[in-house]
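Visitor: My questions will all concern the structure given below.
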Amino acid sequence: MSAIPEEFLSTQAQVDEQAIQPFPNSRKIHVAGSRPDIRVPMREITLSDTHTSQGREKNPPLTVYDTSGPYTDPEAKIDIRQGLSELRRNWIEERADTEILSDLSSQYGRQRNADSKLDSLRFAHLRPPRRAKAGHNVSQMHYARQGIITPEMEFIAIRENQRLEQYREQLAQHHPGQSFGAHLPSRLTPEFVRSEVARGRAIIPANINHTELEPMIIGRNFLVKINANIGNSAVTSSIAEEVDKMTWAIRWGADTVMDLSTGKNIHETREWIVRNSPVPIGTVPIYQALEKVGGKAEELTWEIFRDTLIEQAEQGVDYFTIHAGVRLAYVPLTAKRLTGIVSRGGSIMAKWCLAHHTESFLYTHFEEICEIMKAYDVSFSLGDGLRPGSLADANDAAQFAELETLGELTEIAWKHDVQTMIEGPGHVPMHLIKENMDKQLACCGEAPFYTLGPLTTDIAPGYDHITSGIGAAMIGWYGTAMLCYVTPKEHLGLPNKNDVKEGIITYKIAAHAADLAKGHPSAQIRDNAMSKARFEFRWEDQFNIGLDPDQAREYHDETLPKDSAKVAHFCSMCGPQFCSMKISQDVREYAKQKGLKHHTALEQGMAEKAQEFREKGAEIYHET
C-alpha cells in the first residue's frame with residue numbers, strides 16, 4: 001500500500017501483498033460456536049507423516065492462535081478501501097441498548113469531515129457513530145456483572161482453548177508450571193470468561209464502533225498477549241505506511257495495536273487503521289490533544305481533551321492510555337532521578353500541573369471520563385507516567401506513589417463498570433521485577449497488568465528487544481497479562497516493518513515462555529509438536545511450526561540449501577556422524593530389532609560401537 005501517493009489514497013489504496021500471503025502448509029479454519037455468526041478463526045498447520053521401520057505414522061494437524069484476521073485467508077476478499085466486514089454488528093444491535101447518531105459528537109471530528117481538502121486521503125466509507133442510549137452502560141464488564149454471557153465472551157472462550165480437547169494425547173508430557181496464584185482452568189468456558197471480566201481480572205477491549213473486531217481478552221488467567229506500537233511522527237511516515245505496519249504486525253502475532261501517531265492527519269490515519277483492523281486498537285489521546293494546541297502542554301484544557309476522547313471513541317478506538325495518576329505532589333519525587341520523567345504522556349501532564357500549580361484535569365475529571373468510556377465501551381489503560389526510564393530509578397517512591405493512585409482510580413472505574421488495565425515499567429533489573437508484579441496485584445485489585453518490557457539492562461541500544469524480552473518473559477510468568485513490544489529501534493528511532501516483525505517475534509517468544517512457566521493448559525502443545533518433528537528430522541514441519549517459518553528456512557538453507565537436505569537425518573551443526581538425535585533413533589531401532597528394553601539396547605549398542613571404534617584404529621577423526 002505504501003507506494004500509493006496520499007492524494008490518491010481513497011481511490012487506489014491496496015493491501016500490502018506480504019501481509020496477505022498464507023503461512024506455508026497452513027490454512028485458516030473457523031471453529032463454530034453456539035450460533036451461526038460465532039465462527040472463531042484459527043490457523044491449522046498440516047504436518048507430514050513420521051517414517052518408521054514399521055511404515056508411516058500420521059501426525060495430526062496443529063492448531064495455533066491466529067491474530068491475522070481475514071488477511072491470511074485465501075477465500076476472503078480484501079479491499080482496504082472498503083474495510084473489513086462487520087463481525088460484531090448484529091451482536092451489538094440485538095442488545096438494543098445503543099443508538100446511531102445523526103452526526104459526530106466531536107467538534108474536531110466534524111471539522112475534519114467538513115474539510116474538502118482531506119477528501120483524497122479520507123477513508124471513503126465512513127459510518128455514523130454509535131453510542132449508548134441514555135441511561136445505559138454498554139461495557140462488557142457491565143454485561144458480565146449482570147450475569148450476561150455475550151457472544152464476545154463465547155468467542156473468546158473458544159479462541160483461548162485452541163481446540164485443546166483434540167490434543168490431550170500430545171500433552172501426556174506436560175509441565176504443570178508455577179502460576180504464582182493465577183487460576184488456569186484445564187478448559188475455559190464462556191462462564192469463566194464472564195466471571196473474570198465481572199471481577200475486573202480481565203478486560204475485553206471492544207468499542208461498539210469497532211464492529212470489525214475479532215474479540216480477545218487480556219487477563220492474568222488467560223494466554224499472555226502482546227501489543228505492537230505503530231504511528232507516524234512529524235518527521236516520518238504516512239497513512240499508507242501505518243496501515244501496512246498494522247497488517248504486518250497482526251500477521252506475526254500482535255494481539256493489539258497502539259496507534260501513537262503524533263504527525264499530520266492523525267484523525268484520518270486512525271480511521272484507516274480501525275476500519276481495517278481485526279484486533280483492538282489503543283491510543284494515547286493526550287498526544288492528539290497536544291497537537292491541537294500547537295504542542296504547548298500548558299495550553300491544554302479539559303474541554304479539548306474531552307472532545308478528543310469522544311472523537312476517538314466514535315471512530316472505534318478500543319482502549320485509551322490515560323495518565324491520570326500523575327499528581328502534582330508526585331512531580332517533585334522525580335527531581336533526584338537519573339533520568340527524570342521519560343513517559344511522553346507523563347511529562348506532558350507533569351508540565352501542565354507545574355504550569356497551573358494544580359491537580360491534573362485527568363485526575364479531577366476522572367469520573368466524567370468514566371461516563372464517556374462506558375457510553376462506547378472503551379477500556380482504560382491507566383498510564384504509568386512516572387515509570388522508571390533507567391535501572392537506577394526502578395521501584396522508587398515516584399513510581400509506586402503513582403501505582404497506588406492507579407489502584408484508587410481503578411476502583412472508581414469499576415464503580416462505573418468500566419474495564420480497566422494498569423500500565424507498568426519500564427527499566428527494572430531482574431531481581432526487582434517480581435516486586436512490581438506483587439505490588440500491582442495488591443494495589444490494583446488484580447486488574448490486568450500491561451508492561452513495557454521491562455528492560456533488564458541499559459547497555460544495549462540496538463538490542464533492546466532482547467534486554468526487554470528477558471524482563472517481559474519474567475514478568476509475564478509472574479502474572480502480567482499483556483506485554484508491550486520493544487523493537488531494535490527503541491531509544492533510537494521509529495521502527496520500520498522489519499523492526500516491527502523482529503519486536504513481535506521477540507515478544508511472542510517471551511509471552512509463550514511465560515505461558516509455559518505458568519502451566520497454561522494448551523501452551524506446551526506446540527513445543528511438543530516441534531520437538532517431535534525435530535527428533536524425526538521433519539525439516540519442513542520444523543520450519544512451519546515455528547513462529548517465523550521464513551527465517552527458519554532461510555537459516556537452514558544458508559548451509560544446506562539443497563532440497564535433499566530437507567529430508568536428511570542431520571543438520572549442519574553436527575553433520576551425519578555426530579547427530580545426537582540420529583544416534584538416539586538408532587538405539588530405538590536397535591532395541592526393536594533385538595527385542596530389548598531401551599536401556600539394555602543402549603548398553604549393548606555402546607559395547608558394539610566401542611568394539612567397532614577399536615577395530616578401525618582408535619582414531620578420533622577420519623577422513624570423509
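Placed from the backbone N, Cα and C atoms, the Cβ positions cover glycine too.
When I checked Swiss-Prot for this same protein, it listed these features:
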- Asn229, Met258, Tyr287, His323, Ser343, Arg344, Gly345, Asp384, Gly385, Leu386, Arg387, Glu423, Tyr450: substrate binding site (BINDING)
- His427, His491: Zn(2+) binding site (BINDING)
- Cys571, Cys574, Cys579: [4Fe-4S] cluster binding site (BINDING)
- 48-70: region 'Disordered' (REGION)
Visitor: Hey, what's the widest CA-to-CA gap across Asn229, Met258, Tyr287, His323, Ser343, Arg344, Gly345, Asp384, Gly385, Leu386, Arg387, Glu423, Tyr450, the substrate contacts in the record, in Å?
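Guide: The widest Cα-Cα gap among those binding residues is 20 Å.
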Visitor: What are the DSSP helix, strand and coil residue counts for the region 'Disordered' (48-70)?
Guide: 2 helix, 9 strand, 12 coil
Visitor: Given the binding-site residues Tyr287, Tyr450, which one is most crowded in terms of C-beta atoms within 10 angstroms?
Guide: Tyr450
Visitor: On a count of neighbouring CB atoms within 10 A, which of the binding-site residues Gly345, Gly385 is highest?
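Guide: When each Cβ's neighbours within 10 Å are tallied, Gly385 tops the list.
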Visitor: Taking only same-chain residues 6+ apart in sequence, whose CB is under 8 Å from that of His427 (Zn(2+) binding site), what do you get?
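Guide: Spatial neighbours, sequence-distant, of His427 (Zn(2+) binding site): Pro388, Gly389, Ser390, Leu391, Asp393, Ala394, Gly453, Pro454, Leu455, Asp458.
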Visitor: Are there residues of the same chain, six or more positions away from Asn229 (substrate binding site), whose CB falls under 8 angstroms from its CB, and which are they?
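Guide: The list for Asn229 (substrate binding site) reads Val257, Met258, Leu260, Cys484, Tyr485, given in order along the sequence.
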Visitor: Which residues of the same chain, at least 6 positions away in sequence, have a Cβ lying under 8 Å from the Cβ of Ser343 (substrate binding site)?
Guide: His323, Gly383, Asp384, Gly385, Leu386, Arg387, Gly389
Visitor: Around His491 (Zn(2+) binding site), how many other C-beta atoms are within 10 angstroms of its C-beta?
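Guide: Neighbour count, Cβ to Cβ under the 10 Å cut-off: 13.
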Visitor: Would you mind reading off the Cα separation of Tyr287 (substrate binding site) from His491 (Zn(2+) binding site), to the nearest angstrom?
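Guide: Answer for this pair: 18 Å between alpha carbons.
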Visitor: To the nearest whole angstrom, state the Cα distance for the pair Tyr450 (substrate binding site) and His491 (Zn(2+) binding site).
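Guide: For Tyr450 (substrate binding site) versus His491 (Zn(2+) binding site), the Cα atoms are 20 Å apart.
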Visitor: How many whole Å apart are the CA atoms of His491 (Zn(2+) binding site) and Gly345 (substrate binding site)?
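Guide: Answer for this pair: 16 Å between alpha carbons.
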